[in-house]
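This report refers to the structure that appears directly beneath it.
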Amino acid sequence: MLASLATPRVFFPTIGGRPLGIFVKLGITVPVQLYVGFGCFGAMVASIILSFLYRHQVTVNQDNILKCNRWFQICVMVVNYVLLSNALLPALFTSPDSQLATKIEILRNEPCPAKDLLHPDSYVLQSSVDRLFPYFCGLVVFVGCQCAFMGLHCSWVLFFSTLTTKLSRKTRKMQAKLLVALVAQFAIPTTLCYCPMAYFAITTLVNHYWQFANDVCILIVSTHGLISATCLLLFYDCYRNHLVSLLCYRVFTKVGPISDKISRASINHNVTIIL
């Protein structure tokens, strides 16, 4: 929804872009759109970390040293949401004072600048990437380390640790199936978010401009949730059946507990047979 309202068009390797959505018609300034847009993107990344944390805490045993209490999990998520939602503030506070002078300087130095660079609605966030590139790389490493640590530990618990323990073949197979499902659930949105970021970083370092690839990356980030949900529906029948039940307004049948009289009679009958 936010992507359709802002409709950003980035100009990488130039750290700038132009909004094309309804926010421009409403008179919302570009810095405000940048803060809201990157804030929502940061919250989305924090939500992915929250999903990793939830699956990790459900997977590990109660006596595991990495089994965290509720307050520690809340603190971890508050830090991630606050930090990632406001990750663009250093870039906004150090943005160029004169947009026109910055654009003219870019036209002098860039061999192939964006054709919309001089448009009144275009905005250059930074004239150079040298100062902020290490900062954003640090954020990427910060997020990646959390996801990688929890993902690898879940893999160890569900698969690799079972190779040296006495478990039945059926139990080991079910745990491996759960691991594959978790990998499919998290690998798709994580890849769809990290690949565009990797492309933006590479194209900025090599100073290569390709507007079509920039637009495709923005489209992938904007629709990563739809793509991930579609893939899960194609791979797993349980999600498909649940979605069909919701769309068809079917009533979910709940299996209630067996009454005391029936359960007591069944137990007495089984005991009689054994005796």
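Backbone N, Cα and C define each Cβ position, glycine as well.
All TrEMBL annotations are machine predictions without curation.
Feature annotation from TrEMBL assigns transmembrane segment to 34-54 (among others).
Marked as transmembrane segment by TrEMBL: 74-93 (among others). Sequence-distant contacts of the transmembrane segment (74-93), counting only residues of its own chain at least 6 positions beyond either end whose CB sits under 8 Å from a CB of the stretch, comprise 15, 31, 34-35, 38-40, 42-43, 45-46, 49-50, 53, 68, 125-126, 132, 135-136, 139, 142-143, 146.
Marked as transmembrane segment by TrEMBL: 132-159 (among others).
TrEMBL lists 179-200 (among others) with the feature transmembrane segment.
The transmembrane segment annotation in TrEMBL covers 212-236 (among others).
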Quickly jot the same-chain residues contacting the transmembrane segment (34-54) by Cβ under 8 Å, restricted to those at least six beyond its ends, or write none.
2, 6, 8, 73, 76-77, 80-81, 83-89, 92, 123, 125, 143, 146-147, 150-151, 186, 189-190, 193, 221
